[in-house]
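Since the structure comes first, as structure tokens, the remarks are kept for the end.
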Amino acid sequence: MKFGSIVLIAAAAGSAVAAPAKRASVFQWFGSNESGAEFGQNTIPGSYGKEFIFPDPSTISTLIGKGMNIFRVQFLMERLVPSSMTGSYNEEYLANLTSVVDAVTKAGSYAILDPHNFGRYNGQIISSTDDFKTFWQNLAGKFKSNNLVIFDTNNEYHDMDQALVLNLNQAAINGIRAAGATSQYIFVEGNSWSGAWTWVDVNDNLKALTDPQDKIVYEMHQYLDSDGSGTSESCVSTTIGKERVTAATKWLKDNGKVGIIGEFAGGVNDQCRTAISGMLEYLAQNTDVWKGALWWAAGPWWGNYMFNMEPPSGAAYVGMLDILEPYLG
């Protein structure tokens with residue numbers, strides 16, 4: 001799916017890691033997306049504090065205090081590497097991104113680096129696996145000493161050749177490992193917006209992905225409105241959550257894979273509360289393959305957005321956190 005007022009100064013990534021927080025939750029991971037640095041996608045590069053913002057470490061700390069232990073941090077490739085995927089960094093943007101990652105991992109939680117690009121760079125489908133490998137080799141090299149960083153290959157590939165989606169994911173894996181980042185998990189995403197409900201029909205070929213470190217996690221997204229887009233506060237039924245992840249659960253089991261729901265949400269209403277609770281209960285019954293889930297989304301600039309998980313007054317933080325609490329650490 002689809003913000004701090006001062007520029008954050010980054011610490012070195014290697015110095016910003018603590019031991020993973022101990023979990024009382026049934027899941028290995030449970031947390032939230034942290035949105036803002038990908039805002040203003042129609043204004044590139046845009047200005048910090050005007051078109052985009054970075055997540056606020058203080059509100060992330062509040063969510064950690066509630067028991068969350070994983071945060072998916074959105075950013076745009078075009079802002080990080082403005083000239084080309086293989087080019088030099090915008091050092092200020094990298095510093096801000098690194099600061100957020102450091103704040104998360106110093107607290108013992110996991111930070112997912114999420115290039116929120118939909119398989120595209122400057123509006124064009126990424127077609128060069130070599131360039132994509134280099135992008136990831138360069139970025140992973142910045143965080144290779146921080147084992148609480150997770151690399152998400154790209155957000156929600158869509159309307160792309162299926163073999164290309166496979167090859168881009170494999171190129172990212174190869175680049176990350178070539179950088180010497182060998183301890184971190186890699187989250188791979190699929191075509192058709194990485195939807196769990198379409199995964200079996202669309203993304204079966206991704207079972208061929210390989211990783212010498214055997215730390216691939218299949219990241220799927222699932223919304224509960226009629227078209228699965230997450231653009232409505234309504235949910236189709238009280239049982240739609242479980243129904244939309246059942247086939248993907250079987251696929252994970254049949255293929256010896258593990259997965260995570262990288263985005264989910266529903267409106268603050270009784271039907272969605274029941275549907276989300278049912279989905280999470282089902283995932284919790286299948287933790288051999290489901291390692292957790294992340295709400296969409298927190299972030300400083302969401303305002304009155306229907307799924308806003310930003311403390312202290314976001315609609316979902318106020319109206320949905322209680323149904324997530326059984327799964328928090």
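Please read every residue number as a count from 1 along the shown chain.
Quick reminder: no glycine exception, Cβ is built from N, Cα and C everywhere.
Per Swiss-Prot, the features are as follows:
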- 1-18: signal peptide (SIGNAL)
- Asn33: N-linked glycosylation site (CARBOHYD)
- Asn96: N-linked glycosylation site (CARBOHYD)
- Glu156: active site, proton donor (ACT_SITE)
- Glu263: active site, nucleophile (ACT_SITE)
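Feature map: Swiss-Prot annotations on the structure.
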residue: Asn33; record: N-linked glycosylation site; CB count, 10 Å: 27
residue: Asn96; record: N-linked glycosylation site; CB count, 10 Å: 25
residue: Glu156; record: active site, proton donor; CB count, 10 Å: 22
residue: Glu263; record: active site, nucleophile; CB count, 10 Å: 27
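The Cα of Asn33 (N-linked glycosylation site) lies closest to that of Glu263, out of the recorded positions Asn96, Glu156, Glu263. Asn96 (N-linked glycosylation site) carries a helical DSSP state (H, G or I). Calculated from their C-alpha atoms, the gap between Glu263 (active site, nucleophile) and Asn96 (N-linked glycosylation site) amounts to 23 Å.
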